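Take a look at the structure below.
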């Protein structure tokens, strides 16, 4: 017993003497310290172009810490609970480093998840907001920002994630879709990594400005839902962007499905075959309609310039011909066509296009789609979906107005006859039954005012401090500025809002308002009961886990309640930092003595 008492005391002494490595991103700061254990310890940045400050400090008996930048101390405490060697990469004046967002359930039993891409890349971690720093020649940067040409800038890009830092040289950086007539002043951007460099098995990254959506959640949420549906949709997450140390705001970082970077990651887990299949970007008119004797009828399918053997849009002809010649009511004929085209996951995409009123997608608009032919899967074609900004009621123009949400999917074929793939597929009784099963089960457990709203509110609360920063930025490029205010970021969850600059911006539906109304309409049509508690994905034992609900928290004073405790930053401290931090030498000693104490007792 005496030995156990000595061990416990020794354990306390060693724990209190621990040295912790602190890591913080502090834009526009040069003098950064950590305040802990009654002292302020200076942190340093190894790269003058990246405000990423690190350093070690003795924590003693302290339970909390905070950062000081330019003499200004953070107004809140950060918890040291669970941190034994290094903090995550904190961001100055952001109380939550790492969240605990509720995950969505998997509503489809058959092939519930897409597994060919492997585990989710850490760069798309739901619970962390990465910071992206690009540095290039200042005159070139100023030209691109002020004059918005299609010019590319070569420079250095640093990507700071939760517990790692990636840095790349010779990165090609520029405006995505430069020169379009209706671009926003907050431009969209992209970058291409050099040579064999990759990040998360990708080399091409797109940053969407999300200016159509005051909440800046809809497009990311759409991808979240599609992943829960077991599809190969593009990954997406919010990042902060800085160009030559100037803040440009929050952006949705996502795959561009028209690039082989996306195909390599989502279809081959970073290990593509020696020869890839042809990839196509579906512009307006990309509808899968057969054009006998007129190969130019497929010109809406824009071929990727890197397609093997230079395969152009003519490659769509055999697929469209086969669909045109299929007897849609015949199960055998449908089964034969499925050897050529993945109909099952195509239906999953269509379920979500319908539920979100994706007017700028395939079913309603025959646009913003794509196609890929996979040489490793008997040359099967896969439908691709993209650009999810016109969803959940954004810019929705329908003669019924708000009553459009009551329109049944059964009316879509007559309203949107150009979508020949889904419309003809629904002529098959078995496929129609499968579609309805996917639709109703998705609404019952996921797409409703219980489960999905639970995630929306948690995500909103987590992102809110950064959205306040984003709304404060005066964009430097020419283009449309709707003038959305920070208050409208929250208001548009619950109700429609009008752009202050009266120059467009169609946010006539609140995001949660839309979800609740659409779910109720489908539930009424099919007489289904929506879950009463939020549902999560299957747990390790095979049962369906309940999703955590957003907790009440301290008011931020301006945009709602901050629901995620700042102690969430300790939830991932077991992961070893790759930014150069070394594990505290006291950790093995603590573990050994703890074990000894337990044995003695």
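Heads up, the Cβ atoms here are built off N, Cα and C, so glycines get one too.
Feature annotations, reproduced from Swiss-Prot:
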| type | residues | note |
| --- | --- | --- |
| SIGNAL | 1-17 | signal peptide |
| CARBOHYD | 28 | N-linked glycosylation site |
| CARBOHYD | 85 | N-linked glycosylation site |
| CARBOHYD | 170 | N-linked glycosylation site |
| CARBOHYD | 324 | N-linked glycosylation site |
| CARBOHYD | 449 | N-linked glycosylation site |
| CARBOHYD | 527 | N-linked glycosylation site |
| COMPBIAS | 539-579 | compositional bias 'Low complexity' |
| REGION | 539-581 | region 'Disordered' |
| CARBOHYD | 541 | N-linked glycosylation site |
| CARBOHYD | 554 | N-linked glycosylation site |
| CARBOHYD | 561 | N-linked glycosylation site |
| CARBOHYD | 571 | N-linked glycosylation site |
| LIPID | 579 | GPI-anchor amidated serine |
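All features noted in Swiss-Prot, drawn onto the structure.
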residue : record                      : contacts (Cβ under 8 Å, 6+ apart)
28      : N-linked glycosylation site : 51, 245
170     : N-linked glycosylation site : 154, 194, 195
324     : N-linked glycosylation site : 289, 290
449     : N-linked glycosylation site : 512, 515, 516, 519, 520, 530
527     : N-linked glycosylation site : none
For residue 85 (N-linked glycosylation site), list the number of other Cβ atoms lying within 10 Å of its Cβ atom.
20
Reduce the DSSP letter at residue 28 (N-linked glycosylation site) to three states and note it down.
coil
DSSP three-state call for residue 170 (N-linked glycosylation site): helix, strand or coil?
strand
